[in-house]
Amino acid sequence: MKTLTFRRGVHPPDGKALSAEQPIKVIMPKVGSELFFPMSQHIGAPCEPLVAIGDYVKVGQKIGESQAFMSSPIFSSISGTVKDIRPMLVPGGATVKSIVIENDGKMEEIEGLNETKDYTTMSNEEILTAIKNAGIVGLGGAGFPTHIKLNPPKDQPIDYIIINGAECEPYLTTDYRLMLEESDKIVRGLQVMLKLHPNAKGVIGIENNKPKAIEAMQKACEGIPNITVQPLVTKFPQGSEKHLIYAVTGREVLSGSLPASAGCIINNVDTVIGIERAIFRGRPLMRRVVTLTGGAVKNPGNYKIRIGMTFTDIVEACGGFKENDPPVKIIAGGPMMGPAMFTTDVATVKTSSALLCFTEKEAFIPEERNCIRCGKCVDHCPMGLEPLVLNQCAIRGDGDAFVKNNGLDCIECGSCSYECPAKRQLAQSIRATKKIEMGKKAAAAAKAREKK
């Protein structure tokens, strides 16, 4: 089968050897430890707590919910007592209202938690409701509520459902291990989605640096005519929605549009397993797999954790840091797009895919120098933008020029900064300016709604 890809992009060292061949191991929180459940773990309106200080909660109990259209409920992953409700730091640096639960170690579950369903006899509405009620969101990083993604407007028929197994970020290996170890669950989750869109083809896109995963997924979908495995060129950011759609279908998602406008729905590997778990096993989103890796970690690997555990607890459970080579940089997620953190005392959330712990040698970044106008950032930008121009707009504080030069289309992949020989902080300045301009846009929209 032909190997597909997109235009431009970069080829950073993948760094996956540290953890790629480490099977998924389960980590349980210690008895008496506190787990933290931020009320915003998704795109959309934050949840409000459904419990109060002193309440006893069980595994699978809904503890946060919003009545807004764009939101997703939050569930306790342990049993124990609510000790506090207070603002807490989350990956990315924001402070979010969070429920603090002390783990009693009993793992007592609510009744009806393991109620299974036969998706073939369910209506589309019943399937979407089950996915919504399980709190499933995009686990590849964005956190978009899955029940909304799977229910696009009726004037946007879906003919491709693409499973994103590219995992193009260096160091990350959770999706790779899931494709090796839980391939049957991925296929079952995809079949649930195809039930919603019976005219669609199911495509599992995997980069060709993962031959074992390609083989495992091909074996898992043998005899299923509407599901295929599509090898992809190993290139960053192959896992970006727009670029994966272009690689698989040749279609382009226009500026400001969603994948459904191109007849496509994309879901991450772990998200699809979440759908399978919700339908076939009746369990909400309470656990996920994270990659713990980097030269400063004693035991790099892939660990299935309870959402709400702190990164500190995870590191300690895995043997801690190396005493003679401690971390000087810690990143939540991948090195290209993940935010750096100043502490590991941060709760894992639904979208926490990895914790990278880099030594001084791994974290070294040369000093920023003057732009030499070489154009490498333009040559490699997967969105076809001019990062050097957007960087100048950011430095000048010229938001209007930034928007005019399509700065809001930036996907913040970091390819420009990676390729820049002068090591300009291109992606960082563009990301900051984009955030400011998006804030202005949201404020203007809110003001317009008030006038109506």
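Cβ coordinates come from backbone N, Cα and C, glycine included.
Note that the coordinates shown come from a computational prediction; the quantities given were computed from them, not determined experimentally.
Binding of [4Fe-4S] cluster 2 is attributed by TrEMBL to Cys410, Cys413, Cys416, and within the candidate set Cys381, Cys393 the record adds Cys381 to that site. In the record from TrEMBL, residues Cys371, Cys374, Cys377 bind [4Fe-4S] cluster 1; the candidate from Cys357, Cys420 listed for the same site is Cys420.
Around Cys416 ([4Fe-4S] cluster 2 binding site), the same-chain residues at least 6 positions away in sequence with a Cβ under 8 Å from its Cβ are Cys377, His380, Cys381, Pro387, Leu426, Ala427, Ile430. Compute the center of the Cβ atoms of Cys381, Cys410, Cys413, Cys416, which mark the site for [4Fe-4S] cluster 2; besides them, the chain residues with Cβ within 8 Å of that center are Cys377, His380, Pro382, Met383, Leu385, Pro387, Ile411, Glu412, Gly414, Ser415, Leu426, Ala427, Ile430. The Cβ of Cys371 ([4Fe-4S] cluster 1 binding site) has 15 neighbouring Cβ atoms from other residues within 10 Å, across all protein chains displayed. Each of Ile372, Arg373, Gly375, Lys376, Pro387, Leu388, Cys416, Glu419, Pro421, Ala422, Arg424, Leu426 belongs to the same chain as Cys371, Cys374, Cys377, Cys420, is absent from that list, and has a C-beta within 8 angstroms of the C-beta centroid marking the [4Fe-4S] cluster 1 site.
The residues of the domain '4Fe-4S ferredoxin-type' (361-391), classed with DSSP into helix (H, G, I), strand (E, B) and coil, number 13 helix, 0 strand, 18 coil.
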